[in-house]
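The following features are taken from Swiss-Prot:
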- Asn32, Ala33, Val34, Asn35, Cys36, Lys37, Glu38, Thr39: ATP binding site (BINDING)
Amino acid sequence: MIKAISTHTKRHIHYLILNNIQDDNELINLLNAVNCKETILVLEDIDCASEAVKSRAKEEETVVEKVTDDKSTLENKILADQLKKVEKVSKLTLSGILNSLDGIFNSEGRIVIMTTNHSEVLDPALIRRGRIDMQIEFSNCDRYQIAKMYENFYGKNADSDILSKIPSDIYSPAHVSGLLLSYRNNPENSLIELTQ
């Protein structure tokens, strides 16, 4: 889908890999170097990209649990101080990411695409409306979607008898697309493969 958007909008695709970024300043400098009117900025698998994007609510629960499980006040204070030091080691922060996306890189017509398999672990501030204008879930394909993919890929309608034997909501769009590509010289075999 990203390639299709790139082709349609005549924009280059730039992948931003947060794991390779040392701190907020480096992120800001990278985004400043990108012409957002000619670019699609992609943060792929953002749930795995950095601890900075994970929900703060879970982090706070973990810290509270660790601190309240100990009985000694002095031990609690030492543990809390150590946890704060560990958190500061990561110089790429959620605040830096949000400010970079909203401020420096904020320009009319920008396209930023984030992909994730686990949106529930992301901090709500990262995916709130206004920051992320559209969320699209790619669930498993029903028969209609498989038929449309087949038609778009091969330029002809799928055999309705074979199509009716394909289980619905089992295969991801990526899986179906891969089969269509694998059987490009024998299209009907792609459908037969999906019936098994």
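Including glycine, each Cβ sits where the backbone N, Cα and C put it.
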What DSSP gives for Thr39 (ATP binding site), in three states, is strand
Which of the three DSSP-derived classes (helix, strand, coil) applies to Asn32 (ATP binding site)?
helix
Please name the residue among the binding-site residues Asn32, Asn35, Thr39 whose C-beta has the most neighbouring C-beta atoms within 10 angstroms.
Thr39
Shell list (ATP; ref centroid = CB of Asn32, Ala33, Val34, Asn35, Cys36, Lys37, Glu38, Thr39; cutoff 8 A):
His14, Leu31
